[in-house]
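To start, the structure under review is shown below, and the notes come after it.
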Amino acid sequence: MSTRKTYARTATIVAIGASVLAGHLAATGPAVAAAPAATVTPSPTPSPTPPPAPPEERAVYDVLREAGGVPVVSVQQAELPVAAVPEKNIEAVTQAQQNAKLLDLLQADASVKVFSKPQVRRPAHHKPLPATTDPLLRAAEHHILTHTLPAWERTTGRGQLVAVLDTGVDTTHPELRGAVVDALDFAEGAAPGTHGTDIAALIAGRLNNGVAAAGVAPDASLLSVRVCQDDGACPTSAIATGIVEAVEAGADVLNISVGGAKPSAVEQYALRWAVRQGAVVVAAAGNSAIACDTGQEPEENNCGNAVNYPGGYEEALTVTSTRISSPQGLRFGEETTGPQVDLSAPGHKVRAGIAASAQSAALLSGSSLSAAQVSGAVALMRAADPTLTPARVEQVLRQTARTSWPLAGHSYVGSGRGAGLVDVDAAVAAVAARDTVTRTASGAEFRRNDVTVTVKGAILARYDALGAEKGALGWPLSNELSAPGELPAGGGVISHFERGSIIWSPATGARVLKGAISSKVRAMIQEQTTASVLHPAKRADVYLGYPTSEEVAVRGGVVQHFQGGLVYWSPATGAQALRGAILEQYGRSGHESGRLGYPVTSEVLLPKGAFAAFQGGSVYWSPRTGSHVVLGAIRDSWGSTGWENGLLGYPVSGEYPVAGGVRQDFQGGALVFSAGTGKVTAVRR
């Protein structure tokens, strides 16, 4: 089960003149009003660039500490309470930042001059309607209207990581079993809300599990990023931190189905940074199409048709919702429109993946759901072509969007809905690799995007047995290679594929290498290549030769046999190589099922011998003494004397029983463990 982690707050706070904020954003992106922000009214034209600020308004105030609950700032080396700082110079004094990484990013960028006033976001709430009997996938109208199912013939999103910045995700829900690979937490409280779970299911609910309807990218992985508190408030500081941490965790797509009426410079900076790192950020436009009553504030009353932030930022891919059942594609009461909107997707009476039973699912409404569908579409696109940039993703989605409503052909654009209704299949088809396979008498040619790779002989036979390009290894990436840096000595060849390699030698035939064991072997081969140049006599000490088997599952891990030894792997210990006398001693101890457990190091060469460490002890070897196991208290006591370099030298026996305990002999004496006292006594020769 995924581990959750909470990041503690730090005490660093920054305040700055509002004019500096305006000047910075005019140079780097769309203008953002200084706090307190006024109600945002979308405009089709950008805001004018403000004039430079007078020098006296450009002072920066760093909050050093708190005194009696009042932030104290530094002004020209003198300390003043914030209340004493001229109001015109203060854009905001923020709450403490949650994550030093975000703080470091902001402070390291010379163009960044501001931490803005914190805002509060809220989920773009969907409204559940009575559950209906659901014939699962075939009754999911949103998939039908967006042409999702045909896209699965090309990809189901495997290999993509989608971060869900929301109320948290229930990782135990059957629709999401195995989908959530990790969970981060930046919000107060503990329990994940249903909103984030609904969104996660629409993005990557699993296929063919007999539960509700699958997500748009049913084989994508999910990263739960909890940024909303138990009371439903989602602070912009948490969102900004969540954005940074999600990208650092490797997220390809970020879904943000929360929003508020006012911008945040810190939030926008984090989002802009994420896009620069290559992540696509999808945001809900909001559900604020209802007109505000006199005196109502859009933020508090979710009205006024203002596109919510972060959807209001230029860097976000902003999605609004539309009615599924309308023959004219008409708006429904909550559908927010405006010039910031890029696309739309079904958002009215959507069959979510969260089900009361396997045959029923709630009907939900809101732009949260629409954004989730587009996030799934982006995951499919990037799975089809991992080289896609965020700009290219948006371009293709806009170019392939449908401009007329599918049920009646009515015009769909020109109404603040962006480029139109997302067409998942068309978008994936536009970026999917153009693959051709040509079989000949001498082998097979695999052509993708003008690059041709030839697979032949025994490697082709093994590849075909695994399902060829549609099998476990995926598409071939290289022709046969035989360079010294690729192979051990022995006259073999190797071909690399998307998810592993096939290596062949005359003595061993064709074998598959993959995952951590493959990485371990390649590292040892490269080490062998370097050592053979520097120390030719040591060539045999740094490689295992060719594999003689493929991976075999053992208790809690896998093992693969090689000409010169074994490579073990487990989640806790990684891939480790053993050979020779140490491997033989490990076998006599019961391998991974014995007292030693899995190896935690490969064989390590010493000046006069070698050793390998295990979960439960060590095995030491030297030419004079042979190989012996050293365990527990005796091992610890021996280590305190300097291991093999101490007075005791190498072990010459294993443990054996004596009166009241056990004894182990070494070159320079013995160590005796007393069961009665728990102490170890040294006996010198």
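Note that Cβ sites are derived from N, Cα and C of the backbone, with glycine treated the same way.
What TrEMBL lists as active site, charge relay system is D166 (among others). Cβ neighbours within 10 Å of D166 (active site, charge relay system), excluding its own Cβ and spanning all shown chains: 30.
Among the features that TrEMBL reports, active site, charge relay system is placed at H195 (among others). DSSP gives H195 (active site, charge relay system) a helix state. Around H195 (active site, charge relay system), taking its Cβ as the centre, 25 other Cβ atoms fall within 10 Å, counting all chains.
Marked as active site, charge relay system by TrEMBL: S368 (among others). In this structure, S368 (active site, charge relay system) is part of a helix by DSSP.
Among the features that TrEMBL reports, domain 'Peptidase S8/S53' is placed at 157-404.
The signal peptide annotation in TrEMBL covers 1-33.
For S368 (active site, charge relay system) paired with H195 (active site, charge relay system), the C-alpha to C-alpha distance reads 9 Å. Residue pair D166 (active site, charge relay system) / H195 (active site, charge relay system) shows a Cα separation of 7 Å.
All protein chains included, S368 (active site, charge relay system) registers 31 other Cβ atoms within 10 Å of its own Cβ. The average pLDDT the prediction assigns to the domain 'Peptidase S8/S53' (157-404) is 81.
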